[in-house]
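Record features, source TrEMBL:
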{"type": "DOMAIN", "residues": "61-474", "note": "domain 'Major facilitator superfamily (MFS) profile'"}
{"type": "TRANSMEM", "residues": "53-74", "note": "transmembrane segment"}
{"type": "TRANSMEM", "residues": "98-116", "note": "transmembrane segment"}
{"type": "TRANSMEM", "residues": "128-147", "note": "transmembrane segment"}
{"type": "TRANSMEM", "residues": "153-175", "note": "transmembrane segment"}
{"type": "TRANSMEM", "residues": "187-209", "note": "transmembrane segment"}
{"type": "TRANSMEM", "residues": "221-241", "note": "transmembrane segment"}
{"type": "TRANSMEM", "residues": "290-311", "note": "transmembrane segment"}
{"type": "TRANSMEM", "residues": "323-345", "note": "transmembrane segment"}
{"type": "TRANSMEM", "residues": "357-374", "note": "transmembrane segment"}
{"type": "TRANSMEM", "residues": "380-403", "note": "transmembrane segment"}
{"type": "TRANSMEM", "residues": "415-436", "note": "transmembrane segment"}
{"type": "TRANSMEM", "residues": "448-470", "note": "transmembrane segment"}
Amino acid sequence: MVLLFVSPHSTYILQMMIRGQDEDAQDKPAVVTGDDDVAVPARRIDPALERKLLLKLDLTILPVLTGLFFFIGLESMSLANAKTVGIDVDLGLVGNQYYLVIMLGYIPLCLSGAPLAMLTRYLPAPQLASLVMLISGILGICTAYAHSFAGLLTIRLLLNLAGGPLMPLIISYLSEFYARGDLSKRLGIWYSALPIAGCVAGVLSWGVFSIQSSSLKGWQILFLIEGSACTAFAMFAYIYLPATPYTWRFLSQGEKDMLRAMLLMDGTHDVEEVIAWKDAYLPFIQDWRYLVWAVLSFGCGVPLASALNFIPQLTRRLGYGTLTTNLLTAGPFFLNVVCSILLSLSSNHFRERSYHLTLPLAVTSIGFILLSALPTSARAAGYFSTFLICAGATCPSPLFTVWYSNNTISQTHRIVLAAVMVAVGNSAGLLTGNIYMAREEERGYPTATITTAVIGGATAVGVLLFGSYMRKENSGRNERQGKPRGWGSKDVPTLLLEKGHRAEEYRYMD
């Protein structure tokens, strides 16, 4: 490892080369050499040891977090599958009541994220996330016993109220284990749990709805299975997940010190930072860039909400039966899994976000345009358009999350930022719940598909422009400091960036 001593009066005073293979040197943390000079770990951690540590985290932490997101996604998307088998008829829903349940459910989902995330001052993030999942599983079971519009609406409101903080909690928690350069593909893998859930929901619904039962409807059996599985997994996660990497018994002290050095180099300016909630919302007041991210977050959320809530209905309007419709939804979501992982790997490799975001947004917009233009009799082309929709609908979310997280150095700001951005993205469901209307169901929801395509396309343009601004800003800072043209975020230790964007050494990850 390298220790670079940094002073306010001189950028680099002393450079000490320490081999990564030296265990004694590895276990020494960065030291403070007085009021002015701070030792900064630089990029000489033994790559083999770094890969070994990352693999250990990939095999022990990432699968459990992915499982949590998988089950919350499974429960969220099951209502769309249940509609294909007549849950609206069985509960006596009339007019737009089904769409009202979806739309109103997004209100607590948007509002609960940031306030409930603040409970991390009393309970560690992974345990809080597990409790959220436990409550969601119990409410999923309760859905099987809903008997009316009021009952279904109440359960969905409570379900989304509990689920609001899950994404920001997990996003913030993952950033405690992975540096910025390593986070993209891990978030991509984690977020792929959502389309995997869509794929499994289609196949599971096809199997469950084939069951002949005199006492329970097919949708009731579906919710009982999914709610029970979610509850069991939440209890396991509560016991298994560590509060922080530095309190985890499965990591040696040398591995903890190595992880600390990796994060100080390319993650945060302060590991184990005490969350200062009174300052957590300052970025939204002081920095206009976060308002731009909020607008783009809403734009990314519209195609996502459309795909997750209405792909079964968009498929069924092509004339397929109930069982066939649910089975056919698995294909588009499977393609989305592949696209999401490949885009995340590519984005991680090139340390680039904006171009990788623009592509899926453009693809999903084309899919919605194609679907709105085709008659319901064009089955093959219509079904192909659902592949385009799903291929691009969920891919932007992990990439967008990594984009704003990578450009936020403070852990305090990052957890609140994630909560706010997720809430803004989820608020897109309020729009989709209103543009998908019962009277347009037979015609394939033309208002909704066209609106979604326009918003997706406009967001793609906005992402391109914002990325161009960041690249121009980086070039200007390089020119002022006499840095080479390729100098970027990977070359600046994040320990030096306590001032965030205002630090002259700061470089955007565009």
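Cβ from N, Cα, C; glycine included.
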Q. So what's near the transmembrane segment (290-311) in sequence-distant terms, Cβ-Cβ under 8 Å and 6+ beyond its ends?
A. 73, 76-77, 79-80, 102, 106, 194, 198, 283-284, 329, 332-333, 357, 361, 364-365, 368, 386, 389-390, 392-394, 396-397, 400, 403-404, 417, 420-422, 424-429, 431-433, 436, 445, 448-449, 451-452, 455-456, 458-459, 462-463, 466
Q. Can you find at least 3 Cβ pairs under 8 Å between the transmembrane segment (153-175) and the transmembrane segment (53-74), where each pair is 6 or more residues apart in sequence?
A. yes
Q. For the transmembrane segment (53-74), which stretch among 98-116, 128-147, 380-403, 415-436, 448-470 has the most Cβ pairs under 8 A?
A. 128-147
Q) Among the recorded stretches 98-116, 221-241, 357-374, 380-403, 415-436, which has the greatest number of Cβ pairs closer than 8 Å to the transmembrane segment (187-209)? A) 380-403
Q | Intrachain residues whose Cβ lies under 8 Å of the transmembrane segment (357-374), provided they are six or more past its termini | A | 299-300, 303, 306-307, 314, 339, 343, 381-382, 384-393, 395-396, 399-400, 403, 444, 446, 449-450, 452-454, 456-457, 459-460, 463-464, 467
Q.
For the transmembrane segment (98-116), give me same-chain residues lying six or more residues beyond its boundaries with a C-beta closer than 8 angstroms to one of its C-beta atoms, as numbers and ranges.
A. 79, 83, 88, 128, 132, 149, 152-153, 156-165, 167-168, 305, 309, 416, 419-420, 422-424, 426-427, 429-430, 432-434, 436-438
Q: For the transmembrane segment (380-403), find every same-chain residue at least 6 residues outside the stretch whose CB is under 8 Å from a CB in it, and list them.
A: 171, 183-184, 187-188, 190-192, 194-195, 198, 293, 296-297, 300, 303-304, 306-308, 311, 314-315, 318, 328-329, 331-333, 335-336, 339-340, 343-344, 347, 353-354, 356-357, 359-368, 370-371, 374, 418, 421, 425, 456, 509
**Q.** Winner by Cβ pairs under 8 Å against the transmembrane segment (448-470), considering only 128-147, 221-241, 415-436
**A.** 415-436
Q: Report, as numbers and ranges, every residue of the chain located at least six residues beyond the transmembrane segment (128-147) whose Cβ falls under 8 Å of a Cβ in that stretch; write 'none' if there are none.
A: 68, 71-72, 75, 78, 91, 116, 119-120, 155-156, 158-159, 162-163, 165-166, 169-170, 173, 216, 219-221, 223-224, 226-235, 237-238, 241
Q | Distant-in-sequence neighbours of the transmembrane segment (415-436), which means Cβ under 8 A and at least six residues beyond its ends | A | 99-100, 102-107, 109-111, 113-114, 117, 120, 125, 164-165, 167-169, 171-172, 275, 277, 280-281, 283-284, 290, 293-294, 297-302, 304-306, 309-310, 313, 397, 400-401, 404-405, 408, 445, 447-448, 451-452
